[in-house]
Amino acid sequence: VAHSEASHLTLACGRALPQATTLVDAALASGALFRSPGWRHLRSAFTPPHTVHFIGLLSDGGVHSSVRHLTALLRGAAARGAMRLRVHVLLDGRDVPDGSSVTYIDDLEVELAALRAGGCDARVASGGGRMRVTMDRYQSDWSVVKRGWDAHVLGQAPHKFTDPLTAIIKLRGSEAAPVPDQFLEPFVIVEEDDFDDYQDDDTDYEDEEEDDSDEDKKEGKQRCSSSSSNMNRRGGGRSNRGGGNDRGGLPVGPIQDGDGVVLFNFRADRMLQFAAALEAPEGQFEGFERGRVPKDLRVVGLTRYDQATRVPAHVLVRPAPGRGQHVVGRYLAASGVSSLAVVEAGSAGHITFCWNGNRSGKLHDRLDQHIGVPSDKCEPGRLPKPRAAQVAAAVREALQGGQHRLIRVLLPDPDLAAHTGDMSGTARAIEAVDAAVGQMLSAVDSVNGRWMLTSDHGNADDMVQRDVWGCALYDDDMRPLPYPGHTNAPVPLLIGGAGLPDRVRFRRDLTEGGLANVAATLLNLLGFEAPDVYEPSLVAV
């Protein structure tokens, strides 16, 4: 499945490198993962009183994680002597249909029951929705990471249940207007002692930043809901069973001194911040107040999330070699070309962090500059407001300044809206981007520049669930079932501008170009020869 990290890495690297999920699949199939230095680092947590914790997105969307990887890791740990396993589940509904969390939990519970039957104490310990708990990206909202820290590490959350399925059903609420999976509040699983019926805890998280006017909220209002048919398609519609929310009961799996932690997301951007919180020594972490910090943790990532800071320090699968050696930004900086990245802050890493080969920071202090436009929060019941106009304004100002030979721009508004499943809201986001692109192209022409326009993947192009024949699926009221995830549709590449020489033409001998050809094309348009390791340029200059 196409996703932003892989696509932007391909755009920057000028060639298609093996992606993390492919490398993990191969390492599991060969058994090399279980012979890796990272696995050996984890083994001291296999014996009592220690626990091995698994934290990541419970999904088969293929964008951030894979349930196949989690299952293989759990089985591998139990088969190699791990006595106590705890899973901290982050629920999707963004790259897979909303409401599908109940089936993923059902399947996981079956797997954990089989491990328990074999003598391994294996349970779900905590969880929550990915946009609410743990999976912040690019340090845009540390409160998301803190909610994960409180639930996974400290065993503290405003909602406590004795089993995860009940947690999801209760927190989603009514089937008529459920809270989306991706926005579910954090919860912890506790022992069954003294549990009666569900009741709300009087402690809850407040929204840390709430400065939108009532008018803005009405304008951005959306319905992040799925029909009962959508839930049933992935196993929803269960009756409530057992468990509840209460002040009693001890959490079944907070992270303690000497425990092992496996971060099983293979994609970097939404797990890097939590990994940094786990590994930072006392007094060297500024994201939020962590409270108790477990000592002597054995933290391993499925792969390395940041090549510059080497977080996490221990990994189960090493990334593809040479990822950051030949990125186009490094080539341009070495050639003295000043470049500027302009994007809203919540997606900034796609054209900075990923552009640099999954390395934080800048490739050059002076020649590699970034402008981040503040992002709107994506919350249940409200679409994030488009920031395309603000991005376009920053680009126009930079063009008039004339200090940068290359300006790269990302407009994520349609993607952010499409991930909610709201089609009318996505249409508004597309209109905002269309207007912004028109303004920027006019500004490029005004300075006799040239432009190249493409996309990293599809999303807003097809927002309905389809059967194996490609036919749309409908709910009981004959409304199309929304699909919030990415598509694998081809993306366009357009080139133009008042400063584009008349002789520039697309090559006729390259009939199947892709994202890997964009870097060489960009360099050619700037007057440079592309490195030999790049896929060929799409244009003849």
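Placement of Cβ uses the backbone N, Cα and C atoms for every residue, glycine included.
Predicted automatically and left uncurated, TrEMBL annotations should be read as such.
Here's what TrEMBL has on this protein:
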- SER4: active site, phosphoserine intermediate (ACT_SITE)
- 195-214: compositional bias 'Acidic residues' (COMPBIAS)
- 223-233: compositional bias 'Low complexity' (COMPBIAS)
- 237-251: compositional bias 'Gly residues' (COMPBIAS)
- 24-202: domain 'BPG-independent PGAM N-terminal' (DOMAIN)
- 250-307: domain 'BPG-independent PGAM N-terminal' (DOMAIN)
- 195-254: region 'Disordered' (REGION)
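Per-residue confidence over the domain 'BPG-independent PGAM N-terminal' (24-202) averages out at a pLDDT of 93.
Per DSSP, the secondary structure of the domain 'BPG-independent PGAM N-terminal' (250-307) breaks down as 8 helix, 10 strand, 40 coil. Applying an 8 A CB threshold to same-chain residues 6+ apart, the list for SER4 (active site, phosphoserine intermediate) reads ASP269, SER347, HIS350, CYS354, ASP415, ASP456, HIS457.
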